[in-house]
């Protein structure tokens with residue numbers, strides 16, 4: 001429970017700058033990252049001016065990468081340039097000034113005014129072509145769907161506030177649909193109940209049970225699957241919320257995102273009942289016979305099975321949508337529950353799996369798991385989806401140790417989930433994994449997911465320990481707000497602990513993007529020797545990847561001194577009567 005207050009140094013100057021390409025009115029430059037970045041480089045500031053003007057008039061640009069092209073320069077003119085890097089700690093020192101010159105005017109070069117005219121003409125032509133293609137695609141689809149008679153083809157491609165173009169994958173919130181069931185039919189495959197076999201119950205979900213089972217589709221091999229079921233007695237809202245997760249999962253296709261095999265919603269059976277009513281096998285209420293309007297071209301579900309009719313030839317009756325034998329007793333055949341079917345992950349949730357195999361994996365294996373999670377989150381972020389509940393318990397592991405992000409129920413959590421005990425406006429949220437701005441203002445973004453990823457990183461390196469141990473949620477909120485952070489897990493590589501600290505920056509814009517996190521982990525996998533230096537080591541090299549030499553723990557003499565220093569955390573009473581010889585012993589204490 002040894003939380004630490006963090007100090008950060010600015011990056012060192014950029015020292016190596018190269019001129020890549022020069023023209024009469026532009027120049028392309030590249031440079032190397034500072035020797036001591038002291039954190040993740042957020043961007044670079046490029047300052048340049050004409051040499052003869054001696055900095056009386058200058059221009060400033062900002063670039064995220066290590067290259068830039070300066071445009072709008074004067075031909076045959078000397079310029080001076082300086083570059084400095086920025087991290088969460090602020091700007092570092094500027095590089096030494098370097099000089100470059102643009103090319104002289106050519107007799108055959110096009111004037112600046114003519115260049116602009118040509119550029120405008122080309123841009124206009126491209127815009128017209130793209131608009132023509134777009135109109136052609138939309139008109140073609142409209143005509144095709146207008147001719148179609150199949151119910152499955154009644155899909156809106158321009159509606160609900162979304163225009164979905166071919167080749168562009170963006171997340172569509174199913175709750176924006178006027179009829180949420182339409183999103184399920186659009187994004188999730190409807191399975192036949194006879195193809196699904198439930199073997200055993202393996203856990204409890206928010207709306208019902210989680211089971212293992214088998215899926216056998218026609219002309220395909222039988223596969224093992226996980227099945228979420230909706231408990232009996234559900235309301236229409238619970239059914240919509242349950243199936244909303246399927247319409248979310250059905251939009252994703254990535255090796256580190258749990259794969260949706262399909263859903264069983266009872267939709268086909270409902271269609272069959274409607275067909276029976278139309279063909280006279282069930283009586284049609286007088287309100288419909290008199291011409292009352294249908295809903296979306298079909299009989300509304302609330303009217304299905306109302307009244308009585310007799311099939312004279314077979315001597316059977318229908319009542320409330322259930323076929324009855326002669327004598328009036330219903331044929332009581334228990335129907336299948338509403339189900340969401342996903343791929344089966346043999347090793348279950350990541351937190352339980354790690355606790356079961358404590359200290360049994362190499363550093364590279366753990367980094368590989370973390371890289372998979374980050375890759376899945378990058379995919380979600382690129383699609384515009386915010387997870388809100390990223391935690392090791394919501395990561396599933398298969399037999400090959402591939403980790404996949406799961407649980408796409410938005411901000412919904414189990415009513416009896418101990419990790420969601422803190423309630424704010426709009427529902428319960430898992431405090432220990434949630435960014436401060438999301439707790440205070442319910443502002444969920446990819447940056448708040450990055451904070452949660454830092455907690456997942458800590459969970460993995462601690463083999464499934466509970467973040468912040470037995471501290472109360474209120475104490476966690478207070479400690480984080482005052483700048484305290486979780487200490488490094490035992491034997492945690494310094495590079496990974498520094499990545500945790502970067503994910504836990506209070507200013508959300510200073511946290512790394514998932515693209516950067518994937519890149520960092522890829523470098524560690526290519527250079528496994530960098531994992532040998534642990535964050536517990538007293539002497540840490542200045543050139544360590546992502547290292548901030550000023551991030552060292554403030555030294556304390558005894559456990560009592562440490563607890564007194566943690567003025568805002570009411571921990572001391574919890575340790576009364578317990579003997580700890582050092583702060584290292586305290587830091588290694590787990591919930592066990």
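The first residue you see is number 1, and the count goes up from there.
Every residue, even glycine, has its Cβ placed from backbone N, Cα and C.
Residues in the domain 'Fibronectin type-III' (10-105) partition by DSSP class (helix H, G, I; strand E, B; coil) as 3 helix, 46 strand, 47 coil. The domain 'Fibronectin type-III' annotation in TrEMBL covers 10-105.
Among the features that TrEMBL reports, transmembrane segment is placed at 117-139.
When pLDDT is averaged over the domain 'Protein kinase' (196-525), the result is 81. Residues or ranges marked as domain 'Protein kinase' by TrEMBL: 196-525.
Sequence annotations record features per position, and here TrEMBL assigns ATP binding site to 228. Look at residue 228 (ATP binding site): DSSP puts it in a strand. Counting every protein chain shown, 22 other Cβ atoms lie within 10 Å of the Cβ of residue 228 (ATP binding site).
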